[in-house]
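As structure tokens, the structure follows; a few thoughts come after it.
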Amino acid sequence: MTLVGVLALQGSFNEHIAALRRVGVKGVEIRKPEQLENVGSLIIPGGESTTMAKLAEYHNLFPALREFVKMGKPVWGTCAGLIFLANKATGQKTGGQELIGGLDCTVHRNFFGSQIQSFEADIAAPELSSKEGGPETFRGVFIRAPAILEVGPEVQVLADYHVSSDKESDSSEEGNTTSVKRVIVAVRQGNLLATAFHPELTADTRWHSYFLKMIGEVGEGSLSSIVAVGTDSHSNQPRIDFPIYQ
């Protein structure tokens, strides 16, 4: 069975492990640099990015995480994980935070506002539906979510989102002074996948399946042993309640 590492410092790592289990894959909690040697791919979950960065620094994880990315191993960052993977982040707290980098983009840390401005929206994701089937949209769960403002030429945009006028105003208060009508919320660049929303907080496992196919493409090995386990990944089951990120 394929093993997928899940960075387990803070945030929704348990939800990612549960989603992986639903598609027949074992998720392994990663907290120390040496544990990365046991996995060929990694998910960096959503959470409070500043807290996660401090914990990663405390455990001396940044050098190992950067090397993991540079080696071309598949890495998927959701929400805070997207911020970690970006080459540049704006809207950060005083002093900023350390980044892993590797993803040629500029991300705004709290583009959509505070915890109480979290929301759900149907996101058009043609690449996802083309490869994984199911509906043409994905129900995106945005919790204190970032957004990608710019991408480099090698970055493939997988999904974007129309920003309403009230959210433009809210994001300006958070430090984003650029007038934006649409922002990017999902991208892929080679071995890196990033989503501003939380697929692990829904019953739809297509993004997890998409990442598993990425692992196969990058060359970790055959995914023939991966099978869906006991659930319809495209069903409209109730979502998991939002975790609270301080």
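Every residue gets a Cβ built from N, Cα and C, even glycine.
Feature list (source: TrEMBL):
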- GLY47, GLU48, SER49, ARG109, ILE143, ARG144: L-glutamine binding site (BINDING)
- CYS79: active site, nucleophile (ACT_SITE)
- HIS198: active site, charge relay system (ACT_SITE)
- GLU200: active site, charge relay system (ACT_SITE)
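For GLU48 (L-glutamine binding site), the spatially nearest entry among the active-site residues CYS79, HIS198, GLU200 is CYS79, judged by CA separation.
Non-local neighbourhood of SER49 (L-glutamine binding site): ALA80, ILE83, PHE84, GLN97, ARG109, each in the same chain, at least six residues away, with C-beta under 8 Å from its C-beta. For the active-site residues CYS79, HIS198, GLU200, a Cα-Cα cutoff of 10 angstroms around ILE143 (L-glutamine binding site) retains CYS79, HIS198.
Cα of HIS198 (active site, charge relay system) to Cα of CYS79 (active site, nucleophile): a distance of 7 Å. Here the Cα atom of ARG144 (L-glutamine binding site) is found 15 Å from that of GLU200 (active site, charge relay system).
Rounded to a whole value, the Cα-Cα separation of the residue listed as 'active site, nucleophile' and GLY47 (L-glutamine binding site) is 7 Å. For the recorded positions GLU48, GLU200, the largest tally of other C-beta atoms within 10 A is found at GLU200. Those residues noted as binding L-glutamine (GLY47, GLU48, SER49, ARG109, ILE143, ARG144) have their most widely separated CA atoms at a distance of 12 Å.
Put plainly, the recorded positions ARG109, ARG144, HIS198 were compared by Cβ crowding within 10 Å, and the winner is HIS198.
If you take the Cα of GLY47 (L-glutamine binding site) and the Cα of GLU200 (active site, charge relay system), they are about 12 angstrom apart, rounded to a whole number.
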